[in-house]
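Quick notes on the structure that follows.
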DNA sequence: TTAGGGTTAG
């Protein structure tokens with residue numbers, strides 16, 4: 001009798017997330033000696049701890065158990081999944097076989113979920129095979145999780161074949177399938193499946209919208225969101241709100257983002273951790289780092305994503321010291337950094353030339369936090385060395401890191417050689433790049449200019465041929481500017497654009513004023529085999545200049561001009577915009593493919609290295 | 001005891 005009472009109470013604590021009461025029950029169970037004799041009680045305790053977010057307690061109890069059954073394993077897997085530690089589930093999984101147990105449908109479902117959330121496709125496929133050979137192969141819940149796994153791993157056709165094998169389809173597996181299509185860009189199939197559903201719920205719409213966001217199909221994501229709004233669907237849900245805020249972040253659509261923020265406030269979701277994290281990131285990515293920090297400061301609870309978002313945001317906006325100081329606050333607050341936090345931190349160091357600090361953070365990441373650095377971490381460290389002129393350390397790192405350096409890595413090193421005038425290393429690096437066969441036209445230009453600088457004309461002509469043969473053309477450069485009511489986009493060198501004559505005259509005026517102040521166009525960002533005048537003409541039409549000039553003509557004097565560019569800003573435009581900020585006394589913020597540049601009084605927050 | 005939708009880098 002007593003036994004059933006405890007089971008019931010534990011299930012209640014698990015369901016309503018009452019950790020304190022759950023712990024008390026545990027103590028009571030031990031006290032009256034029920035603990036050792038009931039497997040079922042132990043399994044329910046693990047489940048309760050997992051659902052209450054107390055993974056360590058769940059794990060401790062699990063480790064202490066003398067005998068475990070399938071339910072014990074399934075509960076501990078679910079506890080890890082709930083704590084967002086799917087990799088741990090997969091590490092534990094093989095140990096289950098050592099207990100002499102073979103997975104049932106509960107274990108299959110939780111292990112497949114772990115594969116889905118950690119992108120472990122190979123293990124997922126193995127588990128799928130085991131499932132098909134098992135007596136549970138008709139279980140629809142496991143099939144639902146398999147659809148989700150293939151969706152998250154980017155294999156919509158595999159997802160579809162599992163989906164087709166489900167006899168009675170419900171909204172859960174259909175949402176997973178819609179997500180599979182949306183996140184790989186198969187828009188029509190996603191819409192068609194959604195249309196087939198008799199009754200839809202918010203999850204289906206969220207699956208579609210967030211799938212589009214993840215795929216970069218941002219305009220469709222916003223369109224669907226607005227349509228769902230018009231249909232009067234209740235949006236009081238943190239999932240859909242954080243997803244659409246994320247779309248605004250990627251679009252750098254500050255005005256739309258502000259509208260969604262007002263909606264969030266209206267619906268009372270400003271306290272949702274996911275939503276406020278997304279808002280912090282959105283404001284940072286929409287170039288309003290001040291508002292991002294305000295939201296961060298106003299948050300009552302903050303997790304590692306909140307801290308990482310603001311640290312990365314600060315680093316990208318060139319506020320490195322603040323980023324590092326926020327990290328200290330985060331550690332004091334008792335949070336543990338993750339891989340993404342360290343990307344932001346090392347990035348911050350590279351922008352103020354804190355070589356030793358960056359090195360020690362990299363070391364701390366490995367030694368103190370047992371995180372394994374990825375190629376991105378090495379790239380950040382490389383940037384730190386390169387930027388600070390530690391070229392030998394940089395070259396050494398590229399040669400010794402446990403990753404095959406790709407074109408971007410070599411190109412970054414080559415660019416640093418150019419920046420610091422090290423021709424000897426430049427040629428050495430260029431030779432490595434030449435063997436690799438550069439694919440990006442801007443790498444070819446960099447290479448060609450390096451060889452031209454060293455008078456190695458044979459290589460120059462080889463590269464010209466290679467560039468002519470490159471099938472992949474460079475993505476056309478464009479910049480957009482949000483003037484409050486509308487967004488206007490400018491493409492490099494285009495002949496027709498709004499206010500063409502006024503922009504042309506203004507840029508001409510700037511050009512003559514800048515030359516008086518000592519400006520010399522830097523044409524090394526253009527291929528060498530052109531006449532000087534033609535090179536200068538090419539630079540003159542770069543999209544960011546058109547957008548900035550338009551901004552000066554169309555916005556209120558004194559307001560901040562915010563421009564978003566799809567590619568990296570070129571060195572000459574960077575110089576020009578510094579001049580423009582000083583001539584016009586305007587603050588100009590440009591988000592390029594990599595980072596933010598805050599131009600003010602003739603200087604840029606990136607300290608001229610990016 | 002199991003399954004679907006969300007946030008952070010590059």
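Cβ coordinates come from backbone N, Cα and C, glycine included.
As annotated by TrEMBL, repeat 'PPR' applies to A:38-72 (among others). Sequence-distant neighbours of the repeat 'PPR' (A:38-72) (same chain, 6+ residues past either end, Cβ-Cβ under 8 Å): 3, 6-7, 10-11, 13-15, 17-19, 22-23, 25-26, 29, 78-80, 82-83, 85, 99, 101, 103-104, 106-107.
Feature annotation from TrEMBL assigns repeat 'PPR' to A:201-235 (among others). A Cβ distance under 8 Å defines the sequence-distant neighbours of the repeat 'PPR' (A:201-235), meaning residues of its chain 6+ beyond its ends; these are 171-172, 174-176, 178-185, 187, 190-191, 194, 241, 243-244, 246-248, 250-251, 256, 263, 267.
Sequence-distant neighbours of the repeat 'PPR' (A:303-337) (same chain, 6+ residues past either end, Cβ-Cβ under 8 Å): 273, 276-277, 280-281, 283-285, 287, 289, 292-293, 296, 343-345, 347-349, 351-352, 354, 357, 365, 369, 595-598, 604-607. Residues or ranges marked as repeat 'PPR' in TrEMBL: A:303-337 (among others).
Under the heading domain 'DYW', TrEMBL lists A:518-610.
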For the repeat 'PPR' (A:201-235), report the average pLDDT of the model, please. 91
